[in-house]
Amino acid sequence: MSLFGFGKKKTPEAPAAKEPEQTGWFGKLKSGLAKSSSKLTQGLGDLFTKRKLDDEALEDLEDLLITTDLGVATAAKVTRHLAKTRFGQDVSADEIKQTLAEEIIRILDPVARPLVIDPSRKPHVVLVVGVNGSGKTTTIGKLAKQNKDAGLSVTLAAGDTFRAAAVEQLKVWGQRTGCPVISRENGADAAGLAYDAITESRNRGDDLLFIDTAGRLQNKADLMAELAKIVRSIKKCDETAPHDVLLVLDATTGQNAHSQVEIFKDMVNVTGLVLTKLDGTARGGVLVALAEKFGLPVHAIGVGEQADDLRPFEAEAFAKSLVGMDS
Ligand SMILES: Nc1nc2c(ncn2[C@@H]2O[C@H](COP(=O)(O)OP(=O)(O)OP(=O)(O)O)[C@@H](O)[C@H]2O)c(=O)[nH]1
């Protein structure tokens with residue numbers, strides 16, 4: 001099996017008696033998003049069993065879509081489109097799913113952009129921000145593994161100098177992936193660490209450096225000052241860096257993710273998003289609402305804790321999984 005689990009297709013002769021377990025990334029994505037899609041599928045099934053698309057049905061549909069965190073704008077667009085094309089006709093839940101998936105793909109296509117590492121930068125510096133527990137360290141570990149496996153030399157910097165456990169966790173990923181980890185004693189200056197990390201990484205001729213950060217939102221002013229200081233310090237070493245600033249968001253927080261984007265955008269120049277824990281939530285629709293509202297690139301999504309559970313974000317696969325369609 002390849003690293004990303006592609007290529008495990010079921011043969012045409014496979015017995016159809018039992019629902020075959022879907023394999024590969026699409027299967028994983030689909031089962032990861034099962035909580036989100038089953039909420040929607042069940043709701044659509046309840047609404048559209050032999051029902052004409054009248055005003056009341058459209059209103060019910062719009063309400064249902066809003067409860068799945070897709071966002072008011074998306075909900076309105078889908079219902080408007082259906083009102084224009086199918087008003088007064090019988091519609092099935094599957095037809096609604098199809099329209100919904102098409103609308104979601106239209107919204108997500110422009111933001112689905114993989115993280116591109118520029119090999120001419122030595123190192124390409126990726127600063128990773130987000131509130132505590134959103135999945136920053138795990139995401140760094142997963143991205144480190146994938147890039148290391150692709151042949152790049154990768155270093156990790158433990159910029160959350162306040163939490164010993166966070167540093168330890170990054171070290172575990174370092175051991176697991178064979179990537180050096182740069183860390184300092186508890187409470188050390190994170191900006192100083194970032195500076196040293198770039199210097200060390202550059203001296204080694206690394207391709208890629210990930211810098212983890214603390215995400216204590218309890219004191220926004222302190223966090224803002226710390227992140228600004230880290231960025232200033234990085235720029236002293238390399239004025240073109242950081243080349244990417246990834247904001248990691250925990251999808252289980254639902255609508256709260258909107259305010260996190262706003263807060264972090266005020267603090268640093270966020271260049272892209274990673275949505276984690278889509279496997280643990282019925283609120284996966286929030287990604288669509290975020291895309292519509294902010295238009296920030298979505299680089300990757302996480303549907304589990306293993307290295308392979310983080311993948312480049314693809315609009316079509318996500319949309320179909322979210323609405324519970326087959327590939
Ligand atoms: N189910 C699931 N769990 C995840 C995913 N991504 C991260 N986690 C888990 O979420 C928890 C928090 O992740 P961390 O990577 O420690 O988050 P962090 O933002 O670095 O948090 P701090 O270290 O507190 O700053 C860990 O138990 C991870 O294993 C995901 O995509 N799915």
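Each Cβ is built from the backbone N, Cα and C atoms, and glycine gets one as well.
What TrEMBL records for this protein:
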BINDING   130-137, 212-216, 276-279  GTP binding site
COMPBIAS  10-21  compositional bias 'Basic and acidic residues'
DOMAIN    29-108  domain 'Signal recognition particle SRP54 helical bundle'
DOMAIN    122-275  domain 'AAA+ ATPase'
DOMAIN    123-324  domain 'SRP54-type proteins GTP-binding'
REGION    1-21  region 'Disordered'
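Location within the structure of each feature annotated in TrEMBL.
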{"residue": "GLY130", "record": "GTP binding site", "DSSP (3 states)": "coil"}
{"residue": "LYS136", "record": "GTP binding site", "DSSP (3 states)": "helix"}
{"residue": "THR213", "record": "GTP binding site", "DSSP (3 states)": "coil"}
{"residue": "LEU278", "record": "GTP binding site", "DSSP (3 states)": "helix"}
Checklist outcome for this item: Note: in the chain of GLY133 (GTP binding site), residues six or more apart in sequence with C-beta under 8 angstroms of its C-beta are GLY215, ASP250
Checklist entry - Are there residues of the same chain, six or more positions away from ARG216 (GTP binding site), whose CB falls under 8 angstroms from its CB, and which are they? => result ASN132, PHE162, ASP222, LEU223
Checklist entry - Taking all residues of the domain 'SRP54-type proteins GTP-binding' (123-324) together, what is their mean pLDDT? => result 93
Item to check | Those binding-site residues listed as GLY130, LYS136, THR213, LEU278, and which of them has the most Cβ atoms within 10 Å of its own Cβ | outcome: LYS136
Item to check | DSSP-derived helix, strand and coil totals, residue by residue, for the domain 'Signal recognition particle SRP54 helical bundle' (29-108) | outcome: 62 helix, 4 strand, 14 coil
